Amino acid sequence: MPSEVTPKVPERPSRRKTSELFPLSGSESGDIKANSEPPTPAGTPNVPTRRPILKAKTMTSFESGMDQESLPKVPLQRPVRRSTTEELNNVMNNTSKELEEIESLISKHNIHNVSRKKSPTSVEEGKVAAIHQNGQRSASDNKTSTNPSPLEKNEHEGAEGNESAISPSNLVNKSNNEVTEHSDSEDLTEKQKVHAALDNEAGDRSHFEEKLIPGDMKVQVDVSKDVEEGSLNALPPSGITESDDKAEKFTKHPESSLEELQKHQEQQEEKIFQNPTDEESTTSLNEKQEGKDNMEVNSQPQGPSDTETVIAATSSNVPSQIASEEENDVPVIPRSRPKKDFEAHVQKEELPNTQEKRVSEECDSTLISTEEESKIPKIPSERPKRRAPPPVPKKPSSRIAAFQEMLQKQQQQDLHNNGNSSATTASADIAKKHTDSSITSDTTKADFTSKLNGLFALPGMVNPGQLPPSLEKKLSSPDTESKLGPQDQSQAKTGPLGGTRRGRGPRGRKLPSKVASVEKIEEDDNTNKIEIFNNWNVSSSFSKEKVLIDTTPGEQAERALDEKSKSIPEEQREQSPNKMEAALCPFELDEKEKLPANAESDPLSQLPQTNAVGNRKAISEESLSPSEAIANRDQNDTTEIQEQQMEDQMEVDMERELSGGYEDVDSALHSEEASFHSL
């Protein structure tokens, strides 16, 4: 092996420092990179103080970038979608006829030198244009059988402009012949080279088209259009005099005309291959321009043979254009606005009404027919199938059968018992109703009055002959106990209480002695006893007293009242002890109120009271007659004042006694209710 060579490790590339803010173009940066070598890093790279400025994404930068790229152009007219159900045979026949006509036209007009060499190129250009048009329009132009294609227009245009195109072409040929006679051999060789190059290009194109187009399909070729374009580029159709002047110019510069033709051909090819969408829009515009040019050519003076062809072409073009517009669904704009016919409009309005009437009549007739058909009975085509018998239940087992029999017997017994009991009860009820009907008629009024007594009772008020239901139950309970026998009472007592529960514990063992020795407390339901007694009692005793001469007239009036109260018999007082039949003596009431609460317990405190009462009784026995008392009262005004004071004091005392010392009546009522419930 050769001696080992140590490989050289390249240095790490470093970023080149640039003082420019914006980067250079691609070519300049490439040259700089090729010429300059990466510098060796001296140390740590310097951190830039400013951030590089970015390009502003404005409309100017956007537009500058978009100018370089070719933007697609929007066509002027929207392409019309056509159906693909047409037969291809019609298309083939039409194209074959058009090709034959084009060949006949080309054979008639033999163009010398330049025209012969131009014709194949123009034909091939027309083929290429037709191929791209068919690709973009989805074979729409080739499938129209009735409407004339743009080739027919070009044929008529070629027929109309043949003479106008022949004259400048002949002039060009003459000029070329004159140039060839006077020019040197070098010029001839150069022309031959150019023509040979054009022929080679035409051959290549034809070979390319044969690959693209199938053998059965024939392509529409627009020869007259290309011939006219070539003639227009060489000499615009502005009359015969202008063509003669321009023919002289072409004789002077034959080479320039060839170069212009070549440029024109190349431009067309680039348009066809680059912008097929633009071609569609330009073809429609070119067709319009050709129609205008045809009208101008027709206006020029021509021979008799040419005029006949032009007339035929125009006559054929007009219906073909209308047919093409109908099939392509292109709207036709009329020249004048149509006038409205009022009569026809009225007829149209009347027609739907009549139609609606007819439709309604037909509907009514159909409804009537259906109703009649529904009424007619129809015999069914097939007999209804009989229902299958129900499935036989399985025999139950012996136990189930015995259980069912037992249930049936019990149900039958219950029915018999219920029937007998209901019959007996019904007969008893009927007998009771007859007996009770006479009794109820008499007692209804009494029951009604008795019910009213308890409706409007105030709190604390109880009827003497009626007790509340709770008291009646409690009072009647000892009677029921006496009726029950000793055995029934023992059974009732030994019955389980609702509140007691069975103690949880071990079942198979005896309870401990402490728990077993505990006696159970038995609650007696009927231990409550009720006692009725009077809460308060008022007793009044009156006696005759002798009135002394020194007594005042007020004391005399009091004594007179005491005497009146004595005249009431004592029997009435015993019958109604709770009622106050006469007014009490005000002095006695005052003395009773002033007594302390423990006055009854002290017997000594009652002695002076008894003495005072005895003295008063002695004074009252010697009382004056009422006539004398009245006479004495009229003489003295002081007696009237004292009487008024006494009356006021008595009213206050009576109110205090009735209210029980309460300020409000509601509080007194509540206290009465509380005392009643405590009973």
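Please read every residue number as a count from 1 along the shown chain.
Positions of Cβ are set from backbone N, Cα and C atoms, glycine also.
In Swiss-Prot, the annotation phosphoserine falls on S671, out of S61, S398, S543, S671. Swiss-Prot records phosphoserine for one of S36, S336, S605, namely S36. If you compare S206, S256, S299, S422 in Swiss-Prot, the phosphoserine annotation sits on S206. Cross-referencing S397, S517, S627 with Swiss-Prot, the residue annotated as phosphoserine turns out to be S627. Considering S243, S324, S476, the record held by Swiss-Prot lists S324, annotated as phosphoserine. For the region 'Interaction with SH3 domain of ABP1' (383-396), the model's pLDDT averages out at 82. Counted within 10 Å of its Cβ, the other Cβ atoms near S104 (phosphoserine) come to 9, all protein chains included. If one looks beyond the region 'Interaction with SH3 domain of ABP1' (383-396) by at least 6 residues along the same chain, the residues whose Cβ comes under 8 Å of a Cβ in the stretch are 404.
When the region 'Interaction with SH3 domain of ABP1' (383-396) is classified with DSSP, helix, strand and coil residues number 0 helix, 0 strand, 14 coil.
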